[in-house]
Amino acid sequence: MPTSASPSFTTRKRWVIGNWKMNPNLAAAKNLTQALITELSTTPIQQCQLAIAPTHLHLITISSLIQHANIPSKIQLVAQDVATQRHTGAFTGDISADLLIDAGTEWVIVGHSERRTLHHEDEALIELKLRAALDAGLGVIWCVGETLSERESGQATAIVTAQVTAHTQLLSIIDPQKFILAYEPVWAIGTGRTASPEDAQQMHATIRQVLSHIRPALNETSLLYGGSVKSDNAGLLAQCPDIDGALVGGAALDADSFLQIAKAFDIA
Ligand SMILES: O=C(CO)COP(=O)(O)O
């Protein structure tokens, strides 16, 4: 069992969050949501909060399905991106945090490696997005992670620490209830190559120490692992003391595999 940076008792929440990326069309997104609701109405997940992140276009429809679902614990709704500008205005193509809230969204993913790489989002832009989201009242699922060359050259810890400490000022005032951090090594995303439970645990323990050092209240931050999480590797990840859940891409597109991952994390 990997070593822990955590106290033996914790109030940290467990989360399993499906990032659907630019995948299901509207019919498939509705079917996937309905399949989750149907399964959860008979087999509830109790210790682990579930959330899904459809494309912006589908948020209102999926929000309505979730709101009307008769299940013990509501599935929370996550957006995949947010504008740096909080309010309405002349920002063609952008979607503000206020508009996301209007559509029923409670959380937003910020700093995902696909945004960092494909859209050249740097720490300054990520900070603007984090602040815009938090100012509006959204929670943030903030992603960090190193590339393969950074890991192979022994820089993984330094890179991830730098990604977190770039926002020390914000972290010193952030509402811990509105903050989830996801460690997603870039080389593990969509590759089928997941980090070993030992490596993932070690990085999570480091992140927890960095956060606690910035502010003791952040010791209770939920830290999620992301990167090729599947039903067959979730069990071992869930046993790591500093891994509080998973941010799931490909395996979240199938209701059964997503719920199997959720069940692996559905432990007290
Ligand atoms: O990027 C991810 C979640 O945000 C992980 O994607 P995969 O689970 O497909 O590797």
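The backbone N, Cα and C atoms fix where each Cβ goes, and this holds for glycine too.
Nobody curates TrEMBL annotations by hand; they come from automatic prediction.
TrEMBL lists Asn19, Trp20, Lys21, Ser228, Gly249, Gly250 as binding substrate, and of Gly89, Gly190 the one it places in that same site is Gly190. In sequence order, Ala29, Leu32, Ile52, Ala53, Pro54, Thr55, Gln80, Ala252, Leu253 are the residues of the chain that are 6 or more apart from Trp20 (substrate binding site) and have a CB within less than 8 Å of its CB. The DSSP secondary structure for Asn19 (substrate binding site) is strand.
Among the binding-site residues Asn19, Trp20, Lys21, the residues whose Cβ lies under 6 Å from any atom of ligand 1 are, in sequence order, Asn19.
When the neighbouring Cβ atoms lying within 10 Å are counted for each of the binding-site residues (Gly190, Gly249, Gly250), the highest count belongs to Gly249.
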